[in-house]
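So that you can see what the record holds, here are the features copied from TrEMBL:
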type     : residues  : note
DOMAIN   : C:19-521  : domain 'Cytochrome oxidase subunit I profile'
TRANSMEM : C:18-38   : transmembrane segment
TRANSMEM : C:58-84   : transmembrane segment
TRANSMEM : C:96-123  : transmembrane segment
TRANSMEM : C:143-163 : transmembrane segment
TRANSMEM : C:183-207 : transmembrane segment
TRANSMEM : C:227-250 : transmembrane segment
TRANSMEM : C:262-282 : transmembrane segment
TRANSMEM : C:302-323 : transmembrane segment
TRANSMEM : C:344-364 : transmembrane segment
TRANSMEM : C:384-404 : transmembrane segment
TRANSMEM : C:416-436 : transmembrane segment
TRANSMEM : C:526-547 : transmembrane segment
Amino acid sequence: MSSATEQTEADTSHEIGHDEYDPIGTLTLIGLYFVVLVLMWFYTYFIEFLGNDPTVIGSVVTAGGIV
Amino acid sequence: MNIHTYEKFWLIGAMVLIVAFIATVTYGAAGLGIAMVDDEGGTIAPDEIGDHDKFGDPGVHQVGENEYDVYVHAYTFGYSPDTIEIPENSEVTFYVTSSDVTHSFTVVGTNVNTMVIPGEIAEITAQFDEPEEYGILCNEYCGFGHHDMEAELHVVPETEFDLTELAVDAPDEVDTDDQAQVTASVTNGMLEDLDTTVTLEIGNETVEEDVTVAGDSSEDVTFAVDASTLGDGDHDWTVTVDDYTESDQLTVGTDDDGDSDDGDTTEEE
Amino acid sequence: MSTYVDNFPEEAAIVRKAFYTSFVFLALGGVFGLIQTLHRTDFLRFMDSADYYTVLTAHGVFLVIAFTIFFLVGVFTWAVTTSLDRGLEDLRLTKLWFGLMSAGGLAAAITILSGFVGDAPILGALDADVLFTFYTPLEAHPLFYIGLVVFVIGTWVAGADWIRTWWSWRKDNPNERIPLPTFMVITTMIMWYIATLGVAIAIIVFILPWSLGLVESVNPLLTRTLFWYFGHPVVYFWLMPAYMMWYLLLPKLAGGRLFSDPLARVVFVLFLLLSTPVGIHHQYLDPGISEGFKFIAMTNTMFLLLPSFLTAFTVVASMEHGARQNGGTGYLSWLGALPWRDPAFTGMALAGLMFAAGGFSGMVNAGMNINYLVHNSLWVPGHFHLTVGTAVALTFMAGAYWFLPQLTGNKLWSRPLAVGQTVIWFIGMSFMSNAMHRAGLIGMPRRTAEPQYENFGFDAGVGSVAELDAQIALGGALLTVSLLLFFVVIAMTAFNGDSDYTESNSIPTPLSGPEDAPQVLDNLKLWTILAIVLVIIAYSLPLASIIDGRGLFGPGIEPFDPIPFSVVSTTLELTAEHVTGVIR
């Protein structure tokens, strides 16, 4: 499509080009998300899942066990 | 291709997360021995279930010192058996199949949860240490009665657990001067011998006999009851072995309206 | 610089039709959802519990098949024509596919809804109380399966329509990179062709003949596996249009530019490659499939997190660009410089935020052994109401606030109400989904009319089951209010004829443009072949093993009618009784 930059809305904005742009806010948010994911994963796996035993531990091969 | 430095950090972070998730699950499997239900259980056609050696009479079997196999038949809308009793400190393998549609076999509040697909046998093993009562529910939609489909799993103290069955064979009637044979068949499903006492209460009498039933077998105990000591009429009797009882009624005396031993129904004198 | 309807009036008419059809299904599906939340929590039961499963089938199919797909075919038509700056090749083909989708959708809808009319003549026999997954041996009326097939064929023809348009543009523009929006549409459609193959085979070869009595038995594990071959990539068929809107519209709405066109292409290629060879993660607890195959599915699924992780960065960075261009500063305070009064922006931003949470429960679902904890529990609907229910649905609703003016030339009626609508959706879903996740963790099942059992209860740990049920009902009520607001705004906008809307239908150029994208990314033939190879690797051995053990057509598995009409009074009768009882 043809290029189109700023639109009709009243703008007090200035342009930030590719080289000047430093997405430090994104890095902050995504770093926070990373920490949340690690904590939530540990909690869900080690406390909720492993704490919910008995858990299935495998099929035991016994003489009468296989049909 | 231009990837911003921060996005490179995040790319590394994302890969770390992905690998960490896989590693955790692998630890659960290889380190803790958690196994997935798989194709080891074998197959069975739904119309073979009734005739099957184990699924035809579903229930609990002891297969090792603290090892039990439980065969469960899931159907619309329930489970057979609907109450499963196992002892504490046991390793239990469930074999579950369905004769109609896909169900689940899910022990509530635990990680014992499997799909039950007609044609397939789901085989899962779990260790039950503490005495507890669990509910079992079906979490795979199976039709209009899906929400009513439930069962129970009782883990009982070892002293309360047995695999004893009692069946009694006794006549309904006996002649006044005759003897009635009341035979109690005691089956012991455990691997260990069962030392117990069979008790017959009839009329005012109580008769006991000690019996030892070997592991995985059955013993018959026969009581000979003298009809003359009871007298004519109806007498309730009860046979008891441990917590199991069978009761019924024995009628003593000739039947006035029916055939008698004399062969002659009319009284001429 | 003009609106879409100015540039492409005929295509705009089709897109409007697609959106309005989609909204009808959204309305019906939404009402059913409310009924479900009230029934299963035992707040209000006015129908037989057996009818709950008819409601649930309708809720699932109307929302995740009809609402989503009718909407996305509108978005894709807009995207292709806008980015190629040319109309569709032949509008008769367009009307054909729209007609097929409508006919198929209608047929399936009729069969599902006839579950409510008991033993009424003709209609009564048509029912399809099999839920969105229609697992055999549960059986629906053949017309249900035919409807689904015709609907999917409609989408196949739609893909052909867009691909044809692209090819014809390519002849006129031989050395140019595929414009990003068209690139996204084409990669999504190739993924869809590969994905629908499984469910098409399941229905056409097995389930439809079986429901017609031409074949006596099916192999339930086989049809289930073929369903999930399709059942996972279908979620990307919903997500990729939402991502497309986040990549193309969100930066513009935020007043910025897309952070990276090349990375967007990488993301869509990754979805093309990885969406399908993962379906067995829905079958972790199935007997008959070995642990090795399940482990492979898990590894593929975990890597499928990557394109979503990349999207999170790129989309947030694009929003941040807009915020900073508008004067935003600092590590976090730039968030305040975003256009929160623009409902299209707010809806999509809230949808993205909710997706971050839904992504987490998705990561748990991807785990093989942890699946014992959550499989078929209420956690699973908790998860997908965050993802398809918000990331997709709320993005579509928010997108509609931008699209509808473009399609009609009318200004959006009431921006404040529209913003309120998106916020209420977010709050309602927070209550409902959070409670569903917690309830799932304590063992409460999904897909059930009455999670109240005779011989046992659920141990809530923190709080109580009653509190969880209350939040589910509250959430459902708030979501219904939000839906009502949405329809009011949409209807008033459609009829807002004397307003003058002039915003142009254009997307700003990205910060890092297609010229920075390696040429190989546009080599769609290569990616298609690779995608097919990955599917063959993931599925050939498991399918062979399933067929080997139990036969292509199974061991004598006959159809099972989930809700025979003899079981229930018709819902209409019961409802009438209740209503007249109340009035008297």
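Cβ coordinates are placed from backbone N, Cα and C, and glycine is handled just like the others.
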Quiz item: Which stretch, C:58-84, C:302-323, C:526-547, tops the Cβ pairs under 8 Å count with the transmembrane segment (C:96-123)?
Solution: C:58-84
Quiz prompt | Interface present between the transmembrane segment (C:183-207) and the transmembrane segment (C:344-364) (three or more C-beta pairs under 8 A) | solution = no
Quiz item: Which residues, given as numbers and ranges, are at least 6 beyond the ends of the transmembrane segment (C:58-84) yet have a Cβ under 8 Å from it?
Solution: 4, 7-8, 11, 14-16, 18-19, 21-23, 25-26, 28-30, 32-33, 36, 94, 97-98, 101, 105, 108-109, 112-113, 131-132, 148, 151, 155, 158, 162, 165-166, 169, 179-182, 184-185, 188-189, 234, 237-238, 241, 244-245, 248, 388, 392-393, 396, 399, 403, 406, 505-507
Quiz item: Which bits of the chain, at least 6 residues beyond where the transmembrane segment (C:262-282) starts or stops, bring a Cβ under 8 A of a Cβ in it?
Solution: 180, 183-184, 187-188, 190-191, 194-195, 198, 225, 228-233, 236, 240, 243, 247, 289, 293-294, 296-298, 300-301, 303-304, 306-307, 310-311, 314, 365-366, 368, 371, 510, 512, 514, 516-518, 521-522, 527-528, 530-531, 534-535, 537-539, 542
Quiz item: Which stretch, C:18-38, C:143-163, C:183-207, C:384-404, tops the Cβ pairs under 8 Å count with the transmembrane segment (C:526-547)?
Solution: C:183-207
Self-check item: Mean of the pLDDT scores, which run from 0 to 100, over the domain 'Cytochrome oxidase subunit I profile' (C:19-521)
Solution: 97
Self-check item: Chain residues in Cβ proximity to the transmembrane segment (C:384-404) (below 8 Å; excluding those fewer than six residues from its ends, i.e. six or more beyond)
Solution: 4, 15, 19, 22, 26, 63-64, 67-68, 71-72, 74-75, 78, 235, 238-239, 241-242, 245-246, 249, 253, 343-348, 350-352, 354-355, 357-359, 361-362, 410, 412, 418, 421-422, 425-426, 429, 432-433, 436, 486, 489-490, 493-494
Quiz prompt | Outside the transmembrane segment (C:416-436), six or more residues from its ends: residues with CB under 8 Å to it | solution = 37, 340-343, 346-347, 350, 353-354, 357-358, 378-379, 381-383, 385-386, 389-390, 394, 397-398, 401, 468-469, 471-472, 474-479, 481-482, 485-486, 488-489
